[in-house]
Amino acid sequence: MSPRHEGVRGATITGTGMYVPDRVLTNADFESMVETSDEWIRERTGILERRISAPDQASSDLALIAAKRALEMARLTEADIDHLIVATTTPDRVLPSCACTVQAKLGAKRAAAYDVFAACTGFIYGLGIARGVIGTGDADTVLLIGVEQLSRIVDYTDRNTCVLFGDGAGAVVLRPCAPEEGVLSVSIHSDGVLGDLLEVPAGGSLLPASHQTVEDRGHFIKMRGKELFKVAVRGMEESLRRALDLAGMEPQDLDLVIPHQANQRIIEAMRERLGVPRERLVVNIERFGNTSSASIPISLDEEVRAGRVKPGTRIGFVAFGGGATWGATVSRWTLAVPRGAPAAVAVGAAPEVAR
Ligand code: ACO
């Protein structure tokens, strides 16, 4: 949360990867499921379609593919990973953690593996942790994944929520760098008093799973969208301003702003308040919907592989999510993506990733 201290190492992203499932659910598909329209969804959210996992795909499967792609770009292997962090609200199971499951599938035997549970802000929280453990020398290589299968906890009879969410995974590899490079500042916040703005009421210790909780549809997301909208805009603006302050920058110093893809109108309202030019804002919500903790690393991977991120590029990440949680980071990019890096693969079954 504070500016970097004398003698502390920097941490920088040296590889990115993403994966989204094949199946596309369009706005038109929802017209036969709930009382809605393509026009309403487009205008109120900016979403045109989203990806939905196959029944036999777990969150760890999506995460694994994104992770292999990030490791490949970083020219590292699973044996190099010291910390394996998964930001998710939809782990495969309540126990063990999603990170431990990914660790087993990847064969990352040396890694300490753990989940971060901060909803849509999880990737930013994870970056803060990664920067900390690399900065102190506790880790040299961190694999950070944001993965969600929100389709598993969305109520497809509730038009207020079902049109918003999609599935996907994004991953980054972080390594030490000079203190003035990489992740320059982290500003993370939460307010548990706002916990009921977005919740899954049942399935935890408060309301363990029972016939009644299933009958009551208690295992699905419940959301107070209007209220969330307002606090999200404010929280995203404030945390990005704070991260910029810590990095000694102004909003106009950022070459790219990659916001959590919650709603086109939330993103636009935040952009206006900050005075960031529209062309510097990364938006892909029309194709993927809200993928929660995966949305920032998915967007980043697309930008990196499209050649829009170069050494020296200054990037702001910013998010708001359930909890409530919110936060932002400012980074100076160091990675030169090697010539011939494969283009982002947005569709298709996972290819074998060469190492
Ligand atoms: N199709 C048609 N009508 C709908 C739909 C739908 N899919 N969903 C809601 N409506 C209706 C509502 O029932 C309401 O009808 P009513 O006036 O008869 O009660 C009407 O549309 C207006 O509802 P509002 O809540 O005023 O619509 P709003 O403009 O606020 O848009 C939305 C709703 C899209 C959910 C918006 O509030 C939002 O995006 N909020 C942020 C929520 C979010 O992003 N959550 C994700 C997690 S947190 C995060 O990532 C930031």
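Quick reminder: no glycine exception, Cβ is built from N, Cα and C everywhere.
What TrEMBL says about this one:
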- 114-192: domain 'Beta-ketoacyl-[acyl-carrier-protein] synthase III N-terminal' (DOMAIN)
- C120: active site (ACT_SITE)
- 244-333: domain 'Beta-ketoacyl-[acyl-carrier-protein] synthase III C-terminal' (DOMAIN)
- H260: active site (ACT_SITE)
- 261-265: region 'ACP-binding' (REGION)
- N290: active site (ACT_SITE)
Report, in whole Å, the straight Cα-to-Cα distance of C120 (active site) from H260 (active site). 7
At the Cα level, what's the spacing in Å between C120 (active site) and N290 (active site), rounded? 9
Count, for each of the active-site residues C120, H260, N290, the other C-beta atoms lying within 10 angstroms of its own C-beta, and report the residue with the smallest count. N290
N290 (active site) falls, by three-state DSSP, under strand
Would you report the average pLDDT that the model assigns to the domain 'Beta-ketoacyl-[acyl-carrier-protein] synthase III N-terminal' (114-192)? 97
